[in-house]
Amino acid sequence: MRVAIYPGSFDPVTYGHIDIIKRGANLFDKLIVAVLLNPAKRPLFSIQERIELLKEVTKDIPNVEVDYFDGLLVEYAKKVNASAIIKGLRMVSDFEYEFQMALVNKKLNPSVETIFLMTSPKYGYLSSSLVKEIAQFGGCLSEFVPDIVAERLMEKFKKS
């Protein structure tokens, strides 16, 4: 079975992420969407909330699983028997960092390949940070995230 990991913070998941998830799922028997648990960051959504939202928005993609990890991605790849890491690239500026990470991951675990998928042009500008900023000021989110994500974002910003 060909298994790949699509890692990220997904805080929150956007249509850009979902685009990469669907395309990655078409390339592998199983795609694990893996939420990074990074204690150095202060995410808007808890790890449980991000997992729940990802499960909801991927429920119609049968070969997608949602999980979380901390530590080294290549160690997680070993644990789940993944042979590939999928990374979405929005623009050239993403490539420099992601290429460096791919080389480090290859050095740490030569059996894991990194596959870069270019973001669909209609999502090239989209980021979770941008979505949070729009939500914070009460802007319309329908072009950026599924309804369930927009609802949760608005709830978060009403509380603050």
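Cβ coordinates come from backbone N, Cα and C, glycine included.
Per Swiss-Prot, substrate binding site is recorded for SER9, LYS41, LEU73, LYS87, and the stated evidence type is sequence analysis. For SER9, PHE10, HIS17, GLY88, LEU89, ARG90, GLU98, TYR123, GLY124, TYR125, LEU126, SER127, SER128, SER129, the entry in Swiss-Prot reads ATP binding site, with the evidence type sequence analysis. According to Swiss-Prot, the site 'Transition state stabilizer' annotation covers HIS17.
Neighbour counts of Cβ atoms within 10 Å were compared across the binding-site residues HIS17, LYS41; the minimum falls on LYS41. Among the binding-site residues listed (SER9, LYS41, LEU73), SER9 has its Cα nearest to the Cα of LEU126 (ATP binding site). Take the Cα of LEU73 (substrate binding site) and measure to each of the binding-site residues HIS17, LEU89, GLU98, GLY124, SER128: the nearest one is GLU98.
When the alpha carbons of SER9 (substrate binding site) and GLY124 (ATP binding site) are compared, the span between them is 18 angstrom.
Whole-number maximum of the Cα to Cα distances across the ATP-binding residues SER9, PHE10, HIS17, GLY88, LEU89, ARG90, GLU98, TYR123, GLY124, TYR125, LEU126, SER127, SER128, SER129: 18 angstrom. In sequence order, PHE95, GLU98, PHE116, LEU117, MET118, THR119 make up the list of same-chain residues 6 or more apart from LEU89 (ATP binding site) whose Cβ falls under 8 Å from its Cβ.
By neighbour count, meaning other C-beta atoms within 10 Å, the densest spot among the binding-site residues SER9, SER128 is SER128. Its Cβ placed at the centre, GLU98 (ATP binding site) has 16 other Cβ atoms within 10 Å.
Of HIS17, GLY124, SER128, all annotated as binding-site residues, the residue with the shortest Cα distance to LYS87 (substrate binding site) is HIS17.
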